[in-house]
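Chemist: Got a structure for you, questions after.
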Amino acid sequence: MYVLVTGGSGYIGSHTCVQLIEAGYKPVILDNLCNSKSSVLARIHSLTGYTPELYAGDIRDRTLLDSIFAAHPIHAVIHFAGLKAVGESVNRPLEYYNNNVFGTLVLLEAMRAAQVKNLIFSSSATVYGDQPQIPYVESFPTGSPSSPYGRSKLMVEQILQDVQLADPQWNMTILRYFNPVGAHPSGLMGEDPQGIPNNLMPFIAQVAVGRRESLAIFGNGYPTPDGTGVRDYIHVVDLADGHVAAMKTLHGKPGVHIFNLGAGVGHSVLQVVAAFSKACGKPLAYHFAPRREGDLPAYWADATKAAEQLGWRVSRSLDEMAADTWHWQSKNPQGYPD
């Protein structure tokens, strides 16, 4: 069964391709390689014996999308492609709305023309905004994200619900991620951000391997046990398995189904630093910096719905997330080859 994976050479997309292949699916990748490298395909082949076909292009290219649907019997689409840095989105809102919202519109139109009406969308816990209760449950109201990135994800969620309401033949699953970290346990695949990392774990990894001098921890006066921000960190392979679970339940379930994918427990920035220091066997340099606008003190997921309806649960601990990230970064100090 062929699955089109937009953004499939990126961090989460590539790990999901591995898990899809192991589950018997045949991913076809569309990626403009703006934050990834095509050399990941060789790593996917090393792990699975299968090399997905890569179309190096943009989801806003309707002609390219039509050619992909014409060339392959695509059964479903997993839609990862999009810009994803919260802070960057504040300074570049037009690019975020163009990529994330307009790009999804072009994809949906191409899917409709090809009569492919099975979609899994990569959303984010940022759609919840600041909630008065923790953990976050899917039934919580949305509508107050604090960044253009979060608003772009929420806009797409609303578009998907409108599309499905107009045409009930669509099967749509929205997966709201919390904080994906970690790497494939083989050390062959991991997160390789272009430029300065926007996320905590890859920045720590680059400090540990000597590419960065010190980690900036944004804020140490939050109302949390150690004063640093608390987040729900989920191992990327657990997250990838969540997509496979969603694929297995997608067909024949018309509607829009929303699931949190998180570990269901929060860890502070300093706890993550301690876990990584343990993994790499040395202390890591860090310093405190002012809070970033829009950052919340603490949140984590209630993933009960995914457990009950998808049969999915996380199985990897924070220590494993840190150890697997270090295994990847120490084997690949400069990331993937160009």
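Just so it is clear, glycine is given a Cβ too, placed from its N, Cα and C backbone atoms.
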Chemist: What does Swiss-Prot list, out of Asn118, Asn179, as binding the same substrate as Ser124, Tyr149, Asn199, Leu200, Ala216, Ile217, Phe218, Arg231, Arg292, Glu293, Gly294, Asp295, Tyr299?
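Modeler: My reading of Swiss-Prot gives Asn179 as the candidate in that site.
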Chemist: Is it possible to get the count of other C-beta atoms within 10 angstroms of the C-beta of Asn99 (NAD(+) binding site)?
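Modeler: Neighbour count, Cβ to Cβ under the 10 Å cut-off: 21.
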Chemist: In the three-state scheme derived from DSSP, which category covers Asn35 (NAD(+) binding site)?
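Modeler: Its secondary structure by DSSP: coil.
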Chemist: Rounded to a whole angstrom, what is the C-alpha distance between Tyr11 (NAD(+) binding site) and Asn179 (substrate binding site)?
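Modeler: The separation of the Cα atoms works out to 12 Å.
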Chemist: Would you count the other CB atoms within 10 A of the CB of Ile59 (NAD(+) binding site), including those on all shown protein chains?
Modeler: 27
Chemist: For each of the binding-site residues (Asn35, Ser124, Ile217), count the other CB atoms lying within 10 A of its CB, then report the residue with the highest count.
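Modeler: Answer by Cβ density within 10 Å: Ser124.
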